[in-house]
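Reviewing the structure listed below.
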Amino acid sequence: MPEIVDTCSLASPASVCRTKHLHLRCSVDFTRRTLTGTAALTVQSQEDNLRSLVLDTKDLTIEKVVINGQEVKYALGERQSYKGSPMEISLPIALSKNQEIVIEISFETSPKSSALQWLTPEQTSGKEHPYLFSQCQAIHCRAILPCQDTPSVKLTYTAEVSVPKELVALMSAIRDGETPDPEDPSRKIYKFIQKVPIPCYLIALVVGALESRQIGPRTLVWSEKEQVEKSAYEFSETESMLKIAEDLGGPYVWGQYDLLVLPPSFPYGGMENPCLTFVTPTLLAGDKSLSNVIAHEISHSWTGNLVTNKTWDHFWLNEGHTVYLERHICGRLFGEKFRHFNALGGWGELQNSVKTFGETHPFTKLVVDLTDIDPDVAYSSVPYEKGFALLFYLEQLLGGPEIFLGFLKAYVEKFSYKSITTDDWKDFLYSYFKDKVDVLNQVDWNAWLYSPGLPPIKPNYDMTLTNACIALSQRWITAKEDDLNSFNATDLKDLSSHQLNEFLAQTLQRAPLPLGHIKRMQEVYNFNAINNSEIRFRWLRLCIQSKWEDAIPLALKMATEQGRMKFTRPLFKDLAAFDKSHDQAVRTYQEHKASMHPVTAMLVGKDLKVD
């Protein structure tokens, strides 16, 4: 079989050598906005007579490379846009197969590192101390330290991080104590250990004025003090979710499961950094209604972090299985009808992505080809929701949830600590269901896996909780001007916040609505007063797409006060598409760009066709 190549990495592939361990020693400089230190990589040759190897780097300054106490020659290659620069290291001795060597690289990051966001004190809740956080997925670890920046290689790590002593450092690892910095009494060194091998996109660091509160036997929630109480309340279901996840996936091997609530510019809903999930503060709805994101990140402890996509072309393996587990966790907590409600909502999100890209766009394929494509640019709900839809369809085809969950647990056990491709997954599916090969052969695999657009088959969904959302949405969509008086606040009295959100999602699919309808909707439902981020996002999109000028400042405010890309990018796009707000949207972006997360700033710039 031909070797799978990771087209997103410039480093030597796993067939040549593998990084087994990283020992990171670094110092965080908030004045210069740099991380300076050494990365000691234990590398194992996978072939005989290995004389040199290549690592990924991006915007790094390399001071020197030392092997066995001796400086060795290295060469930084030409920058290849988003992939960074390959770093070739000459080895002092030729390695034989399985021989290990420790390569110590002294490096410094750039203030513009795409992996890091440096916040001024004014950008924090406490307004007193600066803040730093990393986001390495998919291919930004190379902008922190030289590495084989591919999910096909897994390594353990230890770290020692020096920070100003009034701040706290956390990593995607078990905390291993803190000591005064012997070289600077105004600083402290925090130590970490990660004994489970992980792909380097799961290396994570945060430094800030952080406090914690225990919310479960293996869970602390961390944030600035202003958010700690609210976060502890919002995420109180964490331990019960973990227990259900263990029942579905097998033992939780990571020891601790902490949560970190980041400042508003964090670009994602959550990031499954091991031992320390990162989440957006936009989940703080006050009623635990957005806790499915926690169920999702918990589920990654099995699908993604234990069983990992071998390359980003197979990202759906991480996300489709994780959404499938997430929805089972929520189903166990809130009922099977709720699982189906969320599943159908996900199909709607998939429809939106396919509509946005166009039904023949290659990014709407489940398995993508990222040759010369930045994974950040290809990112969408497709791997999540098309991936989930395939698994949900297979569940129904193969005999129901219990049967398919049996497969999922066996899949996790089979591929734990490994990195795999779609073919590995499919081969195991066929071997697990060897008595149902005829059923599996009914699946149009080429359409599901390799063709663009919506899947060839839509699974069956229980409509119980969705029907009320559709009914109310249809009333608004079909209403004539004379009918608007028939709407009143009691329309919503029996709807949960999840259903209210789905009502808006359904209505948004039919936007624009007549402006009079939107104004009446605000009059009777007072949506402007709702702070639930998912509801507010869809409401403001509906307003802007229906050309309500009064909503422009509200939409601009939401697009800039937080930076979760799920919200910020569509809001900016809608504002730019409305003639009355186009110039203001571009101007607002340009004013905020310097203080935005680097990836968010880049992608919004592309969306708005500026820069």
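Using N, Cα and C of the backbone, Cβ positions are placed for all residues, glycine too.
If you check Swiss-Prot, you get these features:
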type	residues	note
ACT_SITE	GLU297	active site, proton acceptor
ACT_SITE	TYR384	active site, proton donor
BINDING	GLN135, CYS136, GLN137, PRO267, TYR268, GLY269, GLY270, MET271, GLU272, ARG564, MET565, LYS566	peptide binding site
BINDING	HIS296, HIS300, GLU319	Zn(2+) binding site
MOD_RES	LYS73	N6-acetyllysine
MOD_RES	LYS337	N6-acetyllysine
MOD_RES	LYS414	N6-acetyllysine
MOD_RES	SER416	phosphoserine
MOD_RES	LYS573	N6-acetyllysine
SITE	GLU272	site 'Pro-Gly-Pro binding'
SITE	TYR379	site 'Covalently modified during suicide inhibition by leukotrienes'
SITE	GLY563	site 'Pro-Gly-Pro binding'
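This view paints the features noted in Swiss-Prot onto the structure.
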| residue | record | contacts (Cβ under 8 Å, 6+ apart) |
| --- | --- | --- |
| GLN135 | peptide binding site | ALA115, GLN117, ALA204, PHE266, PRO267, TYR268, MET271, PHE278, HIS597, VAL599 |
| GLN137 | peptide binding site | TYR201, LEU202, MET271 |
| GLY270 | peptide binding site | THR277, PHE278, VAL279, THR280, LEU283, VAL293, ILE294, HIS296, GLU297 |
| HIS300 | Zn(2+) binding site | GLU272, ASN318, THR322 |
| GLU319 | Zn(2+) binding site | GLY304, PRO383, TYR384, GLY387 |
| TYR379 | site 'Covalently modified during suicide inhibition by leukotrienes' | ALA138 |
| LYS414 | N6-acetyllysine | PHE428 |
| GLY563 | site 'Pro-Gly-Pro binding' | PRO264, SER265, PHE266, PRO267, MET596, HIS597, THR600 |
| MET565 | peptide binding site | PRO267, TYR268, VAL599, THR600, LEU603 |
Starting from the Cβ of TYR268 (peptide binding site), draw a 10 Å sphere and report how many other Cβ atoms land inside it. 22
Comparing local Cβ density (other Cβ atoms within 10 Å) for the recorded positions LYS73, HIS296, LYS573 points to HIS296
Which three-state DSSP class does GLY270 (peptide binding site) fall into? strand
For LYS73 (N6-acetyllysine), which of the modified residues LYS337, SER416, LYS573 has the nearest Cα in space? SER416
Which secondary structure state does DSSP assign to LYS337 (N6-acetyllysine), in the simple three-class scheme? helix
Spatial neighbours, same chain, of LYS337 (N6-acetyllysine) - Cβ under 8 Å, 6+ residues apart: ASP462, THR464, LEU465
Looking only at C-alpha atoms, tell me how far LYS573 (N6-acetyllysine) is from SER416 (phosphoserine), rounded to the nearest Å. 40
Let me know the largest Cα to Cα distance in Å among the peptide-binding residues GLN135, CYS136, GLN137, PRO267, TYR268, GLY269, GLY270, MET271, GLU272, ARG564, MET565, LYS566, as an integer. 18
